[in-house]
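So the structure is just underneath, and the comments pick up after that.
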Amino acid sequence: MPSLEEPQESGTNQLVAPEPEHCPGPESQQAGQGDACQTCPNKEICASAPKGPDLDIPAITERLSDVKHKILVLSGKGGVGKSTLTGLLAHAFANNPDSTVGVLDLDLTGPSMPKMMGVESETIHISSAGWSPVYVLDNLSLMSIQFMLPSRDDAIIWRGAKKNGLIKQFLRDVDWGDLDFLLCDTPPGTSDEHLSVVQLLKESGIDGAVVVTTPQEVALLDVRREIQFCMKTGIKILGLVENMSGFVCPNCTFESQIFQATTGGGRALAKEMGIPFLGSVPLDPRIGMACDYGESFFDSFADSPACKALKCVVRGLASQLKLDNEQVIPDEEP
């Protein structure tokens, strides 16, 4: 099992003090120049350190050469169900036995994917080919820092440079094999983790990002910033998903609005920003129950309104990826 002490940015052993929060890293072009550098004792050391291209990027590109589609799941706002949606999308893609799906949990300080996938007690195995992901199904695998923790309650208290180092190791060392889809679940905001994954995947190619929001304006404010992040970093936005758009009663299927869309919700935001709107997913308490028990919501409640809405989201995503719907959700009525 890998050690949590391994991930380090090269050159950090020359520093005279721990890296501050939001440290760009000693080898970054911004080293010694960022806002976090101004009061850091390492400022002069980092500014004078040799700069150059990241030598690990070719290895990452080679490692991920057999992954056909790489998709980021983003949201500037926490609590909008981003990780839940990532798990639901993964199970939706994996419903096609001919598709192979991987999930990379990049929310290092709040890894929840192992619990949602029902593999919380598993650990990482190492072979000559690299780190082996944990298999949820025969065609669905997962990698998360949770598998490396002695206890599920252990906190990860790391500065930016060390988190970036582990993200690099996940991308460089995990032996995914041939994958049709790799879904990257990211933390909220536009932080170091987002910049790292964009820079490290630039050569291997990112198909785009799925942005998740809830209907209320408080969430939309942060999601606008996430959309701007994608535009500034050159990430194609595959579409916006409005999660928890209404509550559907499991008994009578009547839908009521829990979070009021005072400014038009996700659909209006997508139109405003000129990005595709993939659909609205209603709030269903059985989704949370399925996540708690590590079960597939698609298998348990295939006829629910939420499941039908999620399938519409997957079809929209397939269209953005220029895939045939039958390749993603086979035997589906038009």
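Keep in mind that glycine also has a Cβ here, set from the backbone N, Cα and C atoms.
TrEMBL does not curate its annotations; it predicts them automatically.
Annotated region 'Disordered' per TrEMBL: 1-37, in sequence order.
Summarising the annotation, TrEMBL assigns [4Fe-4S] cluster 1 binding site to C23, C37, C40, C46.
As annotated by TrEMBL, ATP binding site applies to G76, K77, G78, G79, V80, G81, K82, S83.
Summarising the annotation, TrEMBL assigns [4Fe-4S] cluster 2 binding site to C249, C252.
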*Could you give the Cα-Cα distance between S83 (ATP binding site) and C249 ([4Fe-4S] cluster 2 binding site), in whole Å?*
23
*When a 10 Å sphere is centred on the Cβ of G81 (ATP binding site), how many other Cβ atoms does it contain?*
21
*Using Cα positions only, nearest of the binding-site residues to V80 (ATP binding site) (C23, C37, C46, C252)*: C252
*Give the distance between the Cα atoms of G79 (ATP binding site) and C252 ([4Fe-4S] cluster 2 binding site), rounded to the nearest whole Å.*
27
*Sort the binding-site residues G78, C249, C252 by C-alpha distance from C46 ([4Fe-4S] cluster 1 binding site) and give me just the closest.*
G78
_Could you check which of the binding-site residues C23, C37, C40, C252 is the closest Cα neighbour of G76 (ATP binding site)?_
C23
